[in-house]
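Remarks on the structure that follows.
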Amino acid sequence: MAQFFKPKKKASVNTKHLSVDVVRLDHNSAGIAFVDKKPVFIEGALPEEQAIIQFIEQKKQYSRAKLIKLTKKSSKRQAPICQHYDDCGGCNLQHLQHAEQIIAKNDKLQELMKKQGVDACDVAEPILANEHDYRRRARISLIMNKQTNQLDFGFRKKQSKEIVNVRHCPVLVKELDQHLESLYTLLNQLKGKRHLGHVELVQADNGSVLLIRHVAAFNEKDQQALLHYCEERDLILYLMPESDVLNHVYGEEPYYVIDEVKIYFTPKDFIQVNASINDSMVNQALTWLDLNADDCVLDLFCGLGNFSLPLAQKVKTVVGIEGVEEMVKRAQSNAKRNELDNVTFYQANLEEPIDQQVWASTKFTKILLDPARAGAAGVMQTVAKLKPETVVYVSCNPATLARDSQLLIQRGYKLTRLGMLDMFPHTGHLESMALFER
């Protein structure tokens, strides 16, 4: 007998307005209240506030709600610095005073470590810099608006594919922010504006970089308009006609300097978004490693050599491991350009066993790792097996740092120092650093 598929009925959501007391922030900086002992996550609400909410999602274990209005405001609330804050998906903590953001993030880091059973340790002072004008990179979305026949130019709305039109962003470095208005005007004047994908702006130490993704070739007039714009403003121009093709059209090769080392990059490469915090982060990592001239250091997830190259100036040998082949080539080139012959880079998938790798038999005295948000679960057993004296773990996700810390501690290491770096002010994200010693 044939059976017909019957889709489950979509669970209905109680849309009545409800008054709640917000008790704390979650790990993504949404306010948490409790209704019938079940947590309700409320974007934009702060602890000690009373709020009128409306459910937008109700699950068995939790609910999500929209903030309708506040009947009692926290003394720690402030007016957002950006006119687009309520709509733009970039920042989600501008309504909380910056000093309180630091406290909340520090608490989040400590709580996650404690939840994983990691014992308390020496907590370093948070590393801070400017809370505004800090982002040296921005990806600007472009969509053709059929009603206006103009490009929508800006950032994605919160939980949406729609675009918030932006001409000024207070968290962008001023060198990039100053170009938003004129860039919007230029792109809308191009004949081929319908064929634009997105735009990226990156601030290098030797100038501002403009990357334009386009899906059809520019005509001669459009090419000249782009070139004239960049010449007039001394911008470095890259065009990307395909996702894996990058053409350097105008200007110098971009680089940034850290600890007197020049690190060259392309606008497709990952670099830390906050230059000032990155400088402090590298300096702190090198200090925590307590380096000497005889050390042999392994740098995992090394990228372009952000840590490897400064390390090479202070120790006997550095080996950098990176999963992306193009990044490895660029790191090797950076070492050569900086005349550092005691650092070697290899490409390897760090989620796979590395016993057969040529570098795995080296006796490393110290290890540094700086993985992506997914963490380094696949490599932690290897780190422990190599038995370094010291491990410094740099993390952009405290949840995976807490998880991975357990693996080292189980193998005889002790967490001796932990610190937060305010890499992403006005967002729920945080950078952290942990020191493990045998």
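Every residue gets a Cβ built from N, Cα and C, even glycine.
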Binding-site annotation, Swiss-Prot, [4Fe-4S] cluster: partner of Cys82, Cys88, Cys91 in Cys169, Cys230: Cys169
Confidence summary (mean pLDDT) of the domain 'TRAM' (10-69): 94
Alpha-carbon spacing, Asn349 (S-adenosyl-L-methionine binding site) to Cys82 ([4Fe-4S] cluster binding site), which is rounded to whole Å: 41
Rounded Cα separation (Å) that holds between Cys91 ([4Fe-4S] cluster binding site) and Gln272 (S-adenosyl-L-methionine binding site): 17
For the domain 'TRAM' (10-69), the number of residues DSSP places in helix, strand and coil: 0 helix, 32 strand, 28 coil
